[in-house]
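Undergrad: Got these off TrEMBL a minute ago, pasting:
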SIGNAL    1-23  signal peptide
DOMAIN    9-107  domain 'Cytochrome c'
BINDING   Cys36, His40, Met85  heme c binding site
Amino acid sequence: MLGKILGCSLVLSGLMLAAPAHANEAAEKLAKQNACTACHGIDNKIVGPAYKDVAAKYADDPEGLAKVKDSIKNGGKGKWGQIPMPAQPQLSDEQVTLLAEWILGLK
């Protein structure tokens, strides 16, 4: 009985770890497909801020996810300098959420 419980626990743990990894891959692919990486690096500023800097800025902000989603969908200016971030209206709400959660999950 204990062996079955342990086995199920290990399988479920593996599934929980696999889902975020898959989501991370999908988000990173989406960022590349939509040219986000032309302006943003994970660790380094290009034109816009590094994704890790965005994650750090909003880490303790309860509205952080909503703010990042809004910036992705509607663009922005003045949050990270004078060069505006273009809006990404072609992205679905699900895609915007995927990207925002991925960005905010980077440490």
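The backbone N, Cα and C atoms fix where each Cβ goes, and this holds for glycine too.
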Undergrad: Which residues of the same chain, at least 6 positions away in sequence, have a Cβ lying under 8 Å from the Cβ of Cys36 (heme c binding site)?
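TA: Expected: Leu30, Leu99.
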Undergrad: On the DSSP side of things, how many residues of the domain 'Cytochrome c' (9-107) fall into helix, strand and coil, could you say?
TA: 59 helix, 4 strand, 36 coil
Undergrad: Sorted by position, what residues of the same chain at least six away from His40 (heme c binding site) have a C-beta under 8 A from it?
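TA: Correct list: Ala31, Ile46, Val47, Gly48, Pro49, Ala50, Tyr51, Val54.
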